[in-house]
Amino acid sequence: MRIIEAETPGTSLTSPGTMLTILAAGSMFFPGLFLLSKQCLKSIPALRWSEGDAVIVSARLVSSVQAVMASSAGYIIASSCEDILEDQHWLTSSYIMFAVPYFVYDIYAMFMCYWYKLRVKGHEEASAAPQRMSTALTSYLRREFLMVLHHVVMVTVCFPVSVFWRQGKGDYFQGIMFMAELSTPSVCLGKILIQYKQQHTLVHKVNGALMLITFFICRVLLFPYLYYAYGRYASIPFHMVPLSVPWHCNLGAALLMAPQLYWFSLICRGALRLFTGSNRSRRPRVTTDTAKEKQMDGTALPQPANGYSACSSEPELATH
């Protein structure tokens, strides 16, 4: 077995002290970056964004930074492993431990985004915010159940499996899985553009196409490629790989791939509406009629502060 760029003799990446140090670094980095970004967006004179704007954009920024870091780490690991099963790279376990706090933080960040979107849409009154927080939390967990479950599984299952159960094998495959995060920045940018009602712009359409392509390559084709790579390594046909690997590997791959297929179906549906304009052809009359009814009743339509539209052209998607 070849250990690539091994650590200094006398230290161990899995020693309790080293693990706690890396975990602590991740616990400070991601929430710290979120708070710093939010404060800058609120305090820079040229911006002076509201709390809700700053929270939502900062959460997307942190997700994008994590995605770039994970993809870079994955590329370094995968390109350094000649033997895809036996070669090890010190960055594999290190980045896993560093990123674990991100998934805990992101559950909170996603809830804060959801909370401010509710208030923007007019579902919550600012004066009633403290009393309605529990209701919003219940609604958030119900709507984002799959994403929250994904994050919980990443911390409680994938973390111990990747760091301890693998016993140093398959760093190449772990690196390839890190590179799945390449699709996240385009997903985050798409959410921000929708938030500010920029669906009509060329940037939104180009980003939508990029999101569709990167998500398909990095998340949908990811697992077939892992099976293909192992088949080449073991000199067995692709269709025989599932029968040649342990059952729990197939189960893990199936459980991880299932939500990716679901999210990809949402992206395809959003892309179809975006590029065919089907939602624009149906909604204007409804919106106009509704506005007229509101005006006749003497009540005004709630203005979507932050530019967030309740009728966005794309669904809410995962960032990981």
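From the backbone N, Cα and C atoms, a Cβ is placed for every residue, glycine too.
Remember, TrEMBL labels are computer predictions, not curated facts.
Positions annotated as transmembrane segment by TrEMBL: 17-36, 57-78, 90-111, 145-166, 172-194, 206-230, 250-275. Residues or ranges marked as domain 'TLC' by TrEMBL: 52-276. TrEMBL lists 281-320 with the feature region 'Disordered'.
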*Going through 17-36, 145-166, 172-194, 206-230, 250-275 one by one, which has the most CB pairs that fall under 8 Å from the transmembrane segment (90-111)?*
17-36
*Segment proximity, the transmembrane segment (250-275) to the transmembrane segment (145-166), 3 or more C-beta pairs under 8 Å*: yes
*Please indicate, using numbers and ranges, the residues of the same chain that are 6 or more beyond the transmembrane segment (250-275) and have a C-beta under 8 Å from a C-beta there.*
146, 150, 153, 161, 199, 204-205, 208-209, 211-212, 215-216, 219-220, 222-223, 226-227, 242, 313-315, 317-318
